[in-house]
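Notes for the one structure printed next.
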Amino acid sequence: MKVQDTVQPAKGAPTARSAKPKSKWGRLWSDVVRDKYLYVLALPGILFFIIFKYIPITNLVIAFQEYSPYFGVLGSPWVGFEHFARFFSNNDFWMLLRNTLAISFLSLIFFFPAPIILSLMLNEVRSSLYKRTIQSLVYIPHFLSWVLIYGLTYLMFSQSEGLFNKWLVSMNWETIDILSNPNYFWGMLTAQSIWKEIGWGTIIFLAAIAGVDPQLYEAAVMDGAGRLRRMWHVTLPAMRNVILILLILRLGTILDTGFEQIYLMMNAAVTNVAEVFDTYVYRVGIRQGEFSYSTAIGLFKSIVGVIMVVTANKLARRYGEDSLY
Amino acid sequence: MKNTERKSPKSLLKMTLLLLLTSSLLLSACGGGGSGSESKGNEGGTDSNEPTSITIQTLNYATEFIDNTNALWKELEKETNTKLNITWLSPSTAEEKINVMLASGDLPEVTFVESMQNPQLQKMLKQGVFWDLTPFLKDYPNLNRDELKEMWDVTKVDGKNMVIPRYYPSYGGGIFPMVRKDWLDALNLETPKTLDEFYNVLKAFKEKDPNGNGQADEIPYTANPGSLAYIYNIFNETQGSWKLQSDNTLSPIITSEESKEAMLWIKKAYEDGLFPKDFAIMKFSQVMDTMRSGKAGVGGMSMNHAWVTGKSVRDVDPKADLMPLSYLENANGVKYTPSGSPYYGVYLIPKKVPEAKVKKILEFFDYGYSKEGNEMLTYGLEGVHYTVENGKKVSTPQAAIDKTGDGNLNNMIHLVSDDMSISAVGMPDDVYNRNVEIVNERKTVKVPNPSAELYSEAYNKYYPEISKKVEDMRVMVITGKESIESYDKLIESIKNDPKMKEITDEMSKAYQEKYVK
Amino acid sequence: MHERGWKNGIFSLINNTLLLLIGLATVFPIYYTVILSFTDPVEYYQRSLILWPRDWTLDAYKHLLSNGLFVSSISVSVFLATVGTALSLLVTGGMAYAVSRKRLRFRKAMMIMVLITFLFTPGLVPLYLVVRNLGLIDSVWSLILPSLTSAWYVLLMKGFFDSIPESLEEAAMIDGCNDIGVFWRIILPLSLPALVAFGLFFAVGYWNTYFNALMFINDQKMWPLQVLLQNMLVDPTTMGSGSGGGFAFHVNRQVPTETLKMAAVVIATIPIMLVYPFLQKHFAKGAMVGSVKG
């Protein structure tokens, strides 16, 4: 508070320097000159995006070609929307869309808020030793590969060897067929993701919470706010910015489902609920070397992502929140 | 104070900037990738005394790759008067990397591709990206060895030799039952010769306690759906996914009546508890793990596993003895054993390589396929890396130092011998001799493989999806999650699918073009 | 506050118990992984579930650590995780800070330019060509430059800088700092918790470098640790798609046992995992405000 008071008069100081009335271009130029060091700061990043993102991105035009390495991007024949038509007219398109969306929405509803809740819970722990111990434990699964997690899941839930089923048998109950039952598949994927990433996800939120001014808590206590209310009125707002950005970005990748996890967990019995765009692209596009076709599918996903992000951003702005851009 | 503090970030920033700037300059200097941007290297063969430099890219199965300081590498360069520049590919990455190389047109002078069926490769072969080697080949006696004749024949594209195949024996590879001989003996059972006998053996493994521990803990056959593909081939009396008809057309076995019978055979076995309970969801590595645990009586493997896996089983159960079956007969009395084309992977030379150098490269392979060069690549030098005792080669400590036969150079050009598929490091004589007998017996069984080396665009585009549907349905029927009626319905719909007709027509045409003249 | 004591107590009890359960859910798999890495492979096959090995063995670790490339791969990985992380923080922070200043011209254009790269992902082949044309193949920079930053990091870090009041920066400007000075002397120290979090993300990302290394590095001496370990775990019995299907060739290479795989997991994750507890103190409440006042 104190700091801000002293600073207040300085506001507008930079603009004061270029107060002279000027043409539009002249103002633009003087603004750019004024902020030259900011551009210098941004330059490495901009170069990075141009070289390693934009130059490769131009290659996406092969979605409209029958790409052949021999002719290259410049020489391959154009086929218009043929690959898109093939994709949309595929008998399985609706199944793929349904599964992708189902898995994605489950993740949005259960997986996305999980680390937020965990961060809030951790923030309420008084004993710093206990807090650190729990924190260090829950973030470890992030480092385990999906192959390993597949192995562990098999160890826990398979019918012949699974610990869970062995326990059921010892209680004289029927074993449950979890890994090859279509009804459990989506739930299991969501649970696996939460288990793997919940702790890791807290890092970013705890960093946001770390920025909260302790005075705000003190003030809230004075006002007689209980812990739940303090959580709601002080801690959560501090994380709002981060949550919103992450949420909008997540919506942009609504058609991405995490290829490796699903590919490993998939088996013949659950194909109908497990096949998603990503596994389809892998099988059809990459293994069979159909670059143009798989690029077209990727482009479709991107365009859906653009629509989602733009809409979400508009909504955020309408409700007076900070938006992404 | 302020200045010193500020200097370091600035210089770091500067460095980053410089790096990025120079990078972007470099980029614009080089420009659009595509074909032919590779430097020509030194133009080979102009001066016959100068060693020719050859860049090769190939697989390497060793954990540590050798480089040009290795004694055998040097020996190879000396013998062939070359300067080798080899890029090794680790097998875990090879497929992806080869695809990226092909797609980017960034090809070394000698490019290795694992499968002729690679769709990228097929397109490029048609576009004439690679040298036609047919006119040169006759000049290289070792490339024309009798043992290699078949591999050159089957890899022809439109009647031309565009690839240098890497030899691999026809027999001995492929998934086929490997049986615990000690369990057979314990129950006084004969080695099964027919599918029915095989079934009875599995049943006995389940019921009669072959490991003698008094518990019914045996898994008769560790398998997953993928490792039972050969059962369908036994019923259909053909290799691969296609069967030759009397009018020289091919028909897909996926929709045949025989395949349904095969599926029902597997279903019955599953219901009798001959496979693991988790049959439907096991990965191949889990199938192998069950074998290694010593709890299983049969597993599907290639012949060298009599020792590769057999050794692991013996660690758990010292009496264990893994024995490959020679063949299995179906109800019609027709024998089946797995066999393939006598090569695995091919080398190609892009057209940008000058003709003189192409000849030099062929000379290099000629040496590699000569008896002397072939053995040198696998065993090293006599007296240095091995000594001959009683007609057998015994490696010396130097072999390990120079990394002889560990997947480095011996993998570039394979040893022309059945040992490639039936032998393994450390295999005891009795296991090896028995494998020799079995492979010779297998060689008497000739099962047609009409679709080998055929390529069809429609097949590549549509077949994988269709076959996945059928395979999934089969698993559902076998495990009782779907009825046989829904299987019949699916097969019926596939038979009527115009895509399937397109695939079949293209495959038949490809067959006739290649083999019916 | 006193009248709320019992409520407080119940809240803490429930909260701590739930956290304990979440913590426990992660313990068993981790315990199992570590235990298996010390188990004899034969014992692993004989017993279906091992909670405590009969004989402890270091064989798996000995085998992995005896690889001649182990030291070089560790140094590559450490280099990536340190130098790469530092560069990533600078590049990401610089750009995020610039676009977080509302007065900056072309700010929105830059944001959209960044966002587009988040939504449109180019294939591997064009990236390979760029890296090759830059002459970075077989250079350690091929593992750093293409992954210096990403839209995700820039947008998120901007979110953090957004919450720093502009007034602070203006005060510094009056003291004669230019924007770079403000960034270095005011903004970075203020954002310490965020920097630590992002640094951890970058470091873990670099430490786990795998796929880019497969594509861009041919020379084994330049392999990072993850690639080396993966290569040692290749199962010769499940390789090969051709006629042989399940080759082992003449390869004098042992089948990777489950215990070896677990040991590899432990080796690959322990070093980077140990970093975290040292960073935790920076997540302490009020770190930012404290630094402003101090």
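Any Cβ shown, glycine's included, is placed from N, Cα and C.
Summarising the annotation, TrEMBL assigns domain 'ABC transmembrane type-1' to A:97-312.
If you look up TrEMBL, you'll see A:1-20 marked as region 'Disordered'.
Per TrEMBL, transmembrane segment is recorded for A:37-55 (among others).
The transmembrane segment feature in TrEMBL is assigned to A:101-125 (among others). Taking Cβ pairs closer than 8 Å, the transmembrane segment (A:101-125) reaches residues 131, 134-135, 138, 186-187, 189-190, 193-194, 197-202, 205-206, 209, 227, 231, 235-236, 239, 243, 246-247, 250-251, 254-257, 262, 273, 276 in its own chain, all 6 or more past its ends.
Counting residues 6+ beyond its ends, the transmembrane segment (A:137-157) has Cβ neighbours under 8 Å at 118, 163-165, 178-179, 188, 192, 195-200, 202-203, 260-261, 264-265 in the same chain. What TrEMBL lists as transmembrane segment is A:137-157 (among others).
Remote same-chain partners of the transmembrane segment (A:198-217), defined as residues 6 or more beyond its termini with a Cβ less than 8 Å from a stretch Cβ, comprise 114-116, 118-119, 122-123, 135, 137-142, 230, 234-235, 238-239, 241-243, 246. Residues or ranges marked as transmembrane segment by TrEMBL: A:198-217 (among others).
What TrEMBL records for A:238-255 (among others) is transmembrane segment. Note on the transmembrane segment (A:238-255): residues 100-101, 104, 108, 112, 116, 119, 204-205, 208-209, 211-212, 277, 301, 304-306, 308-309, 312-313, 316, 321-324 of its chain, located 6 or more positions outside it, place their CB under 8 angstroms from a CB of the stretch.
Sequence-distant contacts of the transmembrane segment (A:291-310), counting only residues of its own chain at least 6 positions beyond either end whose CB sits under 8 Å from a CB of the stretch, comprise 59-60, 62-67, 79, 83-84, 86-87, 248-249, 251-256, 277, 280-281, 284-285, 324. What TrEMBL records for A:291-310 (among others) is transmembrane segment.
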